[in-house]
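Before any comments, here is the structure.
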Amino acid sequence: MANAATRQFLSRLARRVPPWLVFGGLVLAGGLGLTYLTWRIAAANEAEAVRAKFEGRVQDVQRRLEQRLEAHGQILRGLGGHVRASGTSREGFHRYVESLDLGGAFKGILAFGYQQRVSEAEVGALVATLRREGEADFAVRPPGPRPWLAPVIRIEPRTPRNQLVLGFDPLSDPARREALDLAAAHGDLALSPEVTLLQDAPEGGEPGVLMYLPVAREGRPASEPAGWVYAALRVRDLVAGIQGHWNADTTLELFDGTAAGGPRLYPPEPPPTPDPRALAAQARFAFGHRTWTLVVRARPGFGQAVGTRSSRALLWEGLVGTLLLTAVVLLQVTRRQRAETAAQEGDSYFRAALEALNEGFILFDREGRAVFANPQAGRILGLRPGLLGPWLQPPAGWEAFGEDGGPFPAEAHPVRAVIEGGEPLRRGTLGLRRPGGTTRWLQLNAVPVGNGGGSVAAAATLTDITEARETRQALEASQRHFARVFQLTPDAINITRLADGVYVDVNEGFTRTLGWTREEVLGRSSLDPERTIWAHAEDRARLVAALEATGVCLGLEADFLHKDGGVIQGQMSARVVELEGTPCVLSLTRDVTAEAEAGRERRRLEAEVNHLQRLEAIGRLVSGLSHDMNNVLGAILSLGSVLQEKYGGDADLRRMADLIVQASVRGRNLVRSLRDFSRRELVGEADVDLNDLVRAEAELLERTTLKQVEVRLDLQPGLPAIRGEASAISTALMNLCVNACDAMPGGGRITLSTRAAGGGRLLVVVEDTGEGMPDHVLARASEPFFTTKAPGLGTGLGLSQVFGTMKAHGGTFEIQSTPGQGTRVTLGFPVAAAAAPPAEAADPPPSPRRRILLVEDDPALRMATLAMLEPRGHQVFTAGSGEEGVRSAAGEGDLDVAVVDLSMPGLDGVQLLERLLRIRPGLRLVLFTGPGDDRVPRILARFPDVRVLAKPFSPADLDAALEEGNPPSA
């Protein structure tokens, strides 16, 4: 019953509703369904577009941060190269940093500095050096004992705040020390954790980081650098350097570490609690062995900045369109009206698509006027497109210019050329400067549209390339700085391909050091034998092994070949780098030939000084011993001489007295020979004929070697005389010949030769064919008491005596020896100046009787001297000390002569002479000394009338000293 009623109702309704209304209802229902579907698709697309742009924004921020840090790192590497090449002078460091323009391309860097690594023991010297250089208040902070310190000794720019950092030791701070150790361990850049920069400390500070780069020490591993160059970065300034127009709709936070909960770098204070529905993303990136976490969040309204058409607007437009379509159907519009409506809807979709573009889009007519522009074009240009004149000419106060900075007149506009020529434009560049001074750079692409008969003649897109251009310019500036450092560095720098060794570039230092020009090596392989710079292949193998292991090689010392074939000693450091995607080797070589030669010469001089010091020390020991021996021998010689005179008629007693005198003389000569190896003056200096001395030595050798050793003479006739002591030279020759004979136990040949050399010198050469000496023996041959003979067969004083004799004669001493071939010793003597022949000595008249004061602390020598004087009729007053001698001189009657010993305890001989002359002015004085005493010249300079008598002495020597006319002698 109910179903029948329903069917009846529907039947009546169908009869009453006109067909066009049914059709209209169907159209309305279909339109609403299509609108709903379109709205859902548009909403999904809108969300995807917003997410895509947001992710692009995050990637862009991360990329710009990494580029900014890498640019700063390149500058720090350039500074490190400057320090290694030119040192850390205050003026050089200032000039280099001043050229970097910190306020421009490298915004965010507060300061560049250098901190020197020193031990605690070196701190005082470093502080003194810096204060002498002008840092009057320099001090290392904080105080306290530490095994190693690295105080900041250079910082630029030298602003008052930067000056606060001078002297600070970063090794005292765990955070800074961590970064310093990382840099030294890896030999590369290292970032510190978040720190408060000392420049900001007076105001409480804000987050900052420090970028460190080690400076290698010559000859030391990378883990023990000479110091570090560093850059101080304030994070706020670093972020400000990458911000652009996008920061109005997004916020960013930076954290130190791998999570957002780590130490906050930016902003200093946490922002308000974000909307949980807002888009947010995290990104991590690493630089300088440290990881940062970036958090980016979208601000309210970010979706509108994307430039897509709102899904809500599409929903309303769909509803309106559906209603319009329904109305058209209901109003039975004409086909033309339906076509126009469809065209309008198509134009709406076209506009929506253009508004969704990230680029600006403009349609031009043939007169250059903008007939259409999407909203993004206005945002890029910075003004409404309607304010632009023909051909994008800006209004008054604005300035348009080309890529080269020149004017951009309307008649030369590239879009005009597109319309008139019919050819598309790709990647044109346009600059706009706003009245406030801000400049934007735009990239322009344009194509002709239609055949010239319509209202639109060209379509163009605009892209904002300002930030990309600034990044490229910063990179180019960094490359120019590197190129300048590359060319100005005095050391040899070359870049070769890792794969085949082909030279990519060399600097002027390479040409100066190794002789090859750029034209001769570029494009040629360094492995080419004709172009190699390696003197030894194993040195290059060491370099390659280090590069393959770690990618870096520091302080490789090797020999390098100059183009002319010469060898240069150098120190090379190299690193594997990538240039335009190609692995290359960057090498820096410093010429250290002069330094190495200076080091060898310094070691030679140090060895000679040490040798002379040892000789001097032993000489002082021998001098003290010889003084006591001379006293003993003097007493024996004096008493022996007295016995000769007193018992001359008794043959047996005379023979025994002669033996005593001969033994005393031999002992005296032995003591003198002990002093020869360290003495500085000659005794009994006279003109000496070297040929006569060599002949006499040869005759003695022939008699004593029993013909087992062949003696050859090669003497240059007519040699001039030298000035010297014949006995000392003979002893030196004898020592050399004895050593030569000992080196030839089975027989051999000794050659003695003389010849004249240039520069007024005469040479005596002693050469044998014996066993020779190895290098370690030759190095110590002239050391006192050094001998290779068995105990009891040698004293080790032979060559030392020769060395001392040659020094006393102002000569030279040179030994050459080859094991198994023999030894060659060359003695060089200066030629004596011409002198008048000595006058014949006349027999002295008999000595008159005198009153003599004898002052000698040695009882035996005092009694022996008394025994020589009294038989000659002299009246002698004796004293055992200087003080006793003063009392005797003051109390006795007239005195003719005072005979005084030089070396006495208490009041010595020189002091006694002064006292005696004050007590008895005009008193004649005789002074006893040891042979070759160094004090004699100074004494004679003060007391020119004093007679000097060397112990031990004979009665005749004593008589000669007592004679008034006899000159003083040593």
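Placed from the backbone N, Cα and C atoms, the Cβ positions cover glycine too.
Features of the protein shown, as given by TrEMBL:
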DOMAIN    84-295  domain 'CHASE'
DOMAIN    346-385  domain 'PAS'
DOMAIN    426-477  domain 'PAC'
DOMAIN    478-527  domain 'PAS'
DOMAIN    624-833  domain 'Histidine kinase'
DOMAIN    851-966  domain 'Response regulatory'
MOD_RES   Asp901  4-aspartylphosphate
TRANSMEM  20-39  transmembrane segment
| request: Please work out the number of neighbouring Cβ atoms within 10 Å of the Cβ of the residue listed as '4-aspartylphosphate', leaving out its own Cβ. | output: 26
| How many helix, strand and coil residues does the domain 'PAS' (478-527) contain under DSSP? | 22 helix, 13 strand, 15 coil
| For the domain 'Response regulatory' (851-966), what are the DSSP-based totals of helix, strand and coil residues? | 50 helix, 25 strand, 41 coil
| message | Going by DSSP assignments with H, G and I as helix and E and B as strand, what are the residue counts for the domain 'PAC' (426-477)? | response | 12 helix, 25 strand, 15 coil
